[in-house]
Amino acid sequence: MLDENEDIHPLFAGAPATTEFKKLRKRIVRYTREAIEQYGMVERRADGSTPKWLVCLSGGKDSYTLLAVLYELKWRGLLPVDLLACNLDQGQPGFPSTVLPEFLDRMGVPNRIEYQDTYSVVVDKVPQGRTYCALCSRLRRGNLYRIAREEGCSAVVLGHHRDDILETFFMNLFHGGRLATMPPKLVNEEGDLFVFRPLAHVAEADCEKFARAMNYPIIPCDLCGSQDGLQRQQVKQILDGWEKNRPGRRQVMFRALMNARPSHLLDPKLFDFQGLELGSREKGENFGEIPLLR
């Protein structure tokens with residue numbers, strides 16, 4: 001196994017030698033490895049073949065962090081999969097189409113760059129004044145699934161982090177009337193591809209610090225002009241306020257997503273309330289009591 005302080009891939013060329021950055025890098029790698037192991041993302045195939053992942057790269061801080069940490073794990077022998085980086089150029093006005101191909105080629109990262117003008121479709125279909133995000137995301141997802149199949153990949157790997165998952169939970173809670181979020185691992189509707197989110201335990205702030213320290217060529221995410229007033233931005237502001245008033249609240253809330261008690265919720269599809277009887281094992285602490293936040 002390679003020494004943990006060794007720069008093992010061109011993606012880490014010029015990495016800061018500061019103690020602070022080394023701690024940051026080690027923390028991101030540890031959390032990513034934990035998520036991969038905890039949620040069983042690496043397939044153990046009976047025929048001994050190596051799984052192949054399509055790593056989706058948008059040019060934002062999160063996807064650069066994802067790509068770098070996956071390559072670090074792979075080069076350390078801790079991630080026995082083949083990686084193919086993929087960028088889908090959706091025809092957004094002003095998108096710098098040469099940035100990612102040049103970066104990936106310079107880094108020696110196998111990649112597929114594909115142009116699909118979904119932007120024009122979205123502009124044509126979405127009424128004026130509405131945000132493009134939902135339809136744009138659906139079209140992007142369909143194209144990524146197609147590319148994964150064409151490339152023989154068993155999984156599409158996305159750069160969503162802890163804060164994305166928390167925000168999605170509260171969006172579902174506030175606007176969808178359900179307790180749900182982005183899972184770290186799922187199977188697509190067709191049943192032929194996994195979708196993985198290895199950065200599920202990594203904080204957005206860490207991704208931002210990492211990508212900035214590495215000086216990756218960040219592409220802005222607001223090229224379509226459809227970002228203002230989004231529900232996600234509103235939820236982010238709420239969470240920012242909670243975190244400011246009570247530092248550490250984000251992590252507490254995130255831990256709650258891994259500590260669900262169906263018997264202490266209200267969904268009869270998740271727990272057999274009808275069959276609950278005196279003397280049953282499902283008893284104990286009253287989770288209806290609100291704990292004092294310290």
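In case you wondered, yes, glycine gets a Cβ from its N, Cα and C as well.
From a predicted model like this one, the values you see are computed outputs, not experimental measurements.
Residues or ranges marked as [4Fe-4S] cluster binding site by Swiss-Prot on the basis of sequence analysis: Cys133, Cys136, Cys224. The motif 'PP-loop motif' annotation in Swiss-Prot covers 58-63 and is backed by sequence analysis.
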Model confidence over the motif 'PP-loop motif' (58-63), averaged pLDDT: 95
Among Cys133, Cys136, the most crowded of the binding-site residues [Cβ within 10 Å]: Cys136
